[in-house]
Amino acid sequence: MKLKEILTSIQPVKITGNQDIEITGVDIDSRQVESGHLFMAMHGTQTDGHAYIPAAVEKGATAILCEELPAELAEGVTYIQVADSEDAVGKAATTFYGNPSSKLELVGVTGTNGKTTIATLLYNTFRYFGYKVGLISTVCNYIDDEAIPTEHTTPDPITLNRLLGRMADEGCKYVFMEVSSHSIAQKRISGLRFAGGIFTNLTRDHLDYHKTVENYLKAKKKFFDDMPKNSFSLTNLDDKNGLVMTQNTKSKVYTYSLRSLSDFKGRVLESHFEGMLLDFNNHELAVQFIGKFNASNLLAVFGAAVLLGKKEEDVLVALSTLHPVAGRFDAIRSPQGYTAIVDYAHTPDALVNVLNAIHGVLEGKGKVITVVGAGGNRDKGKRPIMAKEAARASDRVIITSDNPRFEEPQDIINDMLAGLDTEDKKKTLSIADRKEAIRTACMLAEKGDVILVAGKGHENYQDIKGVKHHFDDKEVLKEIFSLTV
């Protein structure tokens with residue numbers, strides 16, 4: 001593709017050099033540059049891509065996109081100066097890969113909790129209907145049934161457009177995608193065309209990055225502000241920010257709720273450990289999910305599928321066949337008669353939702369033992385809140401290590417313990433070794449009890465000092481239960 005074709009989608013401040021050159025690849029990582037590539041320098045959170053411009057030129061880059069031009073311009077290289085490289089990178093990548101999102105029905109899911117579940121269940125629902133479908137999520141990316149490992153909730157713009165391009169080329173009609181607040185703020189989705197967007201909820205998370213809840217809200221809201229006119233926005237009325245999210249959107253707004261009058265109205269009729277009986281828009285259905293938060297997630301899936309043209313009755317049949325997503329309220333029964341639940345809950349609100357769901361099913365007939373930690377080098381303010389919520393809704397709590405990253409596990413545990421009063425501390429243990437913490441919970445559990453192992457869910461590693469060590473909560477539980485993994 002000619003450089004001048006790529007530049008039609010962005011507004012350069014200044015161009016130095018030949019725009020008629022052939023571009024054979026686009027990169028934001030100088031290590032991946034090859035001869036004939038366009039290297040795009042971004043101000044990253046860890047490193048500044050501008051520092052790698054000489055390395056990119058040395059490796060054969062024939063064009064450089066940047067915010068600040070180097071002091072010395074290499075001969076035979078075209079330099080494109082832009083005001084905002086984050087925005088330009090997304091648009092350039094979209095153009096280079098043939099604007100793949102315009103060939104797909106792309107639906108984005110954003111919010112603090114529920115993104116993975118809703119995106120994955122939509123993917124499974126439309127596969128049930130017989131379509132080729134793509135999924136971009138925290139757990140794994142999929143092109144129909146081909147799994148593609150994932151590093152981030154939302155990939156960088158180049159990886160994202162390359163992936164969407166493959167999905168379009170391989171015949172996918174629908175793609176369901178988690179859209180993180182980081183990706184919106186960093187404009188990773190710049191240039192993409194969405195057919196629809198779903199808002200789940202907004203609670204405290206990622207304040208290490210966004211600094212304030214207001215900034216976090218603005219990042220989420222921008223996704224809906226940028227929605228095109230002929231798309232839909234489906235928002236959760238049960239969240240106080242539901243209508244705030246869509247107040248400036250050009251898209252058609254629809255609502256879903258378990259509490260209020262809405263376009264898609266749901267109720268929980270019955271709840272058991274095996275699942276729930278629900279009412280969606282005056283239709284009853286039985287599902288293999290537990291908890292009001294999952295009823296809300298399923299209602300969002302129902303609404304989105306209907307907005308994408310499916311009949312309500314057909315969607316209800318599809319929903320009744322679905323299974324819970326890996327690491328989301330993932331229950332296994334022990335030979336001793338207690339139940340262990342592995343869940344990704346890593347925010348105070350998500351933890352409350354899971355514990356409430358457990359109590360809703362238990363009805364006071366067994367103890368709840370919660371194993372929980374908090375991630376290192378992340379929002380420290382939520383640590384004492386997590387511990388307090390765990391203690392409030394559990395009979396025993398074991399505070400342990402999660403992904404300590406570059407912090408000391410005991411320091412994180414101490415931050416969590418600071419949220420507990422004297423009564424809370426009487427029922428709380430702190431065990432830094434996560435495996436030992438889970439083992440202790442199993443030793444304390446009796447028939448009819450429930451152990452919640454919270455925070456990591458689907459993850460199969462522990463991030464310690466920059467190294468990912470294999471660790472899987474479900475594997476550990478099965479090992480303790482003496483079950484075959």
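Using the three backbone atoms N, Cα and C, a Cβ is placed for every residue, glycine included.
Copied over from Swiss-Prot, here are the features:
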BINDING   G111, T112, N113, G114, K115, T116, T117  ATP binding site
MOD_RES   K220  N6-carboxylysine
BINDING   R378, D402, N403, P404, R405, G455, E459  meso-2,6-diaminopimelate binding site
MOTIF     402-405  motif 'Meso-diaminopimelate recognition motif'
Ask   = Given the ATP site residues G111, T112, N113, G114, K115, T116, T117, which other residues of that chain have a Cβ within 8 Å of the mean position of their Cβ atoms, reported in sequence order?
value = V109, I118, E178, T200, N201, N297
Note = Long-range Cβ contacts under 8 Å made by the motif 'Meso-diaminopimelate recognition motif' (402-405), restricted to residues 6 or more beyond its ends, are 346, 372-378, 412, 434, 455-456, 459, 461-466
Query = Which residue counts does DSSP yield for the motif 'Meso-diaminopimelate recognition motif' (402-405) in the helix, strand and coil classes, in that order?
reply = 0 helix, 1 strand, 3 coil
Query = Which whole-number mean pLDDT does the model give the motif 'Meso-diaminopimelate recognition motif' (402-405)?
reply = 96
Ask   = Between T112 (ATP binding site) and N403 (meso-2,6-diaminopimelate binding site), what is the CA-CA distance rounded to a whole number of Å?
value = 19
Ask   = Hey, how far is E459 (meso-2,6-diaminopimelate binding site) from T116 (ATP binding site), Cα to Cα, in Å?
value = 13
Cα-Cα distance maximum in Å, computed over every pair in R378, D402, N403, P404, R405, G455, E459 that the record assigns to meso-2,6-diaminopimelate = 17
Message = Please report the Cα separation of P404 (meso-2,6-diaminopimelate binding site) and N113 (ATP binding site) in Å, rounded to an integer.
response = 21
